[in-house]
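Novice: Could you have a look at this structure, given as structure tokens, before my questions?
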Amino acid sequence: MENASCVKEFILLGLSENQGVQKVCFVMFLFFYMIIVVGNLLIVITVISSQRLNSPMYFFLCYLSFVDICYSSVTAPKMIADFLVENKTISFVGCIAQLFGVHFFGCTEIFILTVMAYDRYIAICRPLHYTTLMTRRVCGRMVISSWAGGFVHSIVQTLLTTQLPFCGPNKIDHYFCDVHPLLQLACTDTYAVGIIVVANSGMITLSCFFILVMSYIVILVSLKSQTSEGRHKALSTCGSHITVVILFFGPCTFTYIRPSSNLSEDKSVAVFYTVITPMLNPLIYTLRNEEVKSAMRKLWSRKVGNENEKV
């Protein structure tokens, strides 16, 4: 992480410099972050504890919820704390660590969402082969590959950024350290690096999005031959995933597949994929899924029953 920089820390300008707005944002985003942690943790505990939720779909959902907690925890606690302080500083090492975490967990989430679409494709289009194709070992390898892919992507983004010299200014017009804001602060020509960064992020985002779209086109075509009850059940399980994909991929695509020119616009969009989507994921998957709701009720009633026995 050694480079020719004389900058040892950066100043994050955050979402707003207005003191009144910052106080409102502190309460609001603290509430959002609590929902993210509690909601996603509840899904993880429910899936692990329930014997009924042992299908690959819930196996992937468990990891998606875990990634959401990690992903938001990279940026949200720092952003929330900064709403209460005047000097929103972050060390150079801390900044690079945050950049690595954002891209590592963000890219891992993209791969897990893609794997979940493949799982739905096999379940609906090839139901007779589902149990042989989606074994626990295969699902485990898919999750490991998702983590490995996220790590490789993040390492590339991080190494490209750390090689740049930062001589000042050191003010980042964002609420966390990301590639585009840092490229604008580097005291050298970053055109080539910017192209590589966009190509790297764009290739992953667009290729995964293409796989997702093709999966659901094939699924929708295959549903024509099924009964109305089968169509309703299939669309119900796919609806939650499609909603999450749109909420996550839309802002990510807007931010990372183009050279950034308006950082104020980028940081507003970033709120959606770092805070809003991880917060909505548990609500989307539980409100539309009777099996998850039933498992949560049983888990809660079991916990209450155990506490009553102790009393």
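Every residue number used here counts from 1 along the chain in the order it is shown.
For all residues, glycine too, the Cβ spot is worked out from N, Cα and C.
Features from TrEMBL:
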TRANSMEM  20-45  transmembrane segment
DOMAIN    39-285  domain 'G-protein coupled receptors family 1 profile'
TRANSMEM  57-76  transmembrane segment
TRANSMEM  96-118  transmembrane segment
TRANSMEM  138-156  transmembrane segment
TRANSMEM  191-223  transmembrane segment
TRANSMEM  235-257  transmembrane segment
TRANSMEM  269-287  transmembrane segment
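Can you tell me where each of these features sits in this structure?
Specialist: Same-chain neighbours of the transmembrane segment (20-45): 14, 61-62, 65-66, 68-69, 72-73, 76-77, 79-80, 83-84, 275-276, 278-279, 281-283, 285-286, 292, 296, 299, counting only residues six or more beyond its ends whose CB sits under 8 Å from a CB of the stretch.
Per-residue confidence over the domain 'G-protein coupled receptors family 1 profile' (39-285) averages 87 (mean pLDDT, predicted model).
The list of residues near the transmembrane segment (57-76) in space but at least 6 beyond its ends in sequence, with Cβ under 8 angstroms from a Cβ of it, reads 29, 32-33, 36-37, 40-41, 43-44, 47-48, 98, 101-102, 105-106, 108-109, 112-113, 115-116, 119-120, 123, 136, 139, 142-143, 146, 175-176, 237, 274-275, 277-279, 281-282, 285, 291-292.
With a cut-off of 8 Å between Cβ atoms, the residues of this chain six or more beyond the transmembrane segment (191-223) that come close are 107, 110-111, 113-114, 117-118, 120-121, 124-125, 149, 153, 156-157, 160-161, 164, 179-180, 183, 230-231, 234-235, 238, 242, 245, 249, 252-253, 256-259.
Within the chain carrying the transmembrane segment (235-257), a Cβ under 8 angstroms from the stretch's Cβ atoms is held by residues 57, 106, 109-110, 113, 116-117, 120, 123-124, 180, 198, 201-202, 205-206, 208-209, 212, 216, 219, 223, 266, 269-270, 272-273, 276-277, 280-281, 284-285, 288-289, all 6 or more beyond its ends.
For the transmembrane segment (269-287), the residues of the chain that approach it from at least six positions outside its boundaries are 15, 29, 32-33, 35-36, 39-40, 42-43, 61, 64-65, 68-69, 71-72, 75-76, 102, 106, 174-176, 178, 240, 243-244, 247-248, 250-252, 254-255, 293, 296, judged by C-beta separation under 8 angstroms.
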Novice: Is the transmembrane segment (138-156) packed against any residues at least 6 beyond its ends, judged by a Cβ distance under 8 Å, and which are they?
Specialist: 56, 59-60, 63, 100-101, 103-112, 115, 118-119, 200-201, 204
